[in-house]
Every structure is written in C-alpha cells, then in structure tokens.
Amino acid sequence: MKRTYQPSKRKRRNSVGFRTRMATRNGRKLLNRRRRHGRHSLVDL
C-alpha cells in the first residue's frame, strides 16, 4: 500500500506558496497575521 504523503515541490508551491497566499483575501490576512506574530518565515516551503 502506498503512503499518503507523496511530496512534490510543485504541488506544495501551488497550495501553500507565497504568490498563492497573496492571490486571495484570506491568504493576505494569513500573511499579515504571521508578520504581526514576528514569524521568521511567512510561508512553509
């Protein structure tokens, strides 16, 4: 049986990448939250 997590850089970029976050209002809200919180990294890649 195949494992559930089959990592792919392209899929990851397209779902949690910076430009994807910037494309929607909620994504921008998320980035601003992380900025306010002082995160070292805004997106997990």
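Backbone N, Cα and C atoms are what each Cβ position is placed from, and that goes for glycine too.
Note that the structure is a prediction, hence the values are computed from the model and not measured.
Summarising the annotation, Swiss-Prot assigns compositional bias 'Basic residues' to 1-14 (among others).
Among the features that Swiss-Prot reports, region 'Disordered' is placed at 1-45.
Taken from Swiss-Prot, the feature compositional bias 'Basic residues' covers 26-45 (among others). Using DSSP to sort the residues of the compositional bias 'Basic residues' (26-45) gives these counts of helix, strand and coil: 12 helix, 0 strand, 8 coil.
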The compositional bias 'Basic residues' (1-14) - residue tally per DSSP class, helix then strand then coil: 6 helix, 0 strand, 8 coil
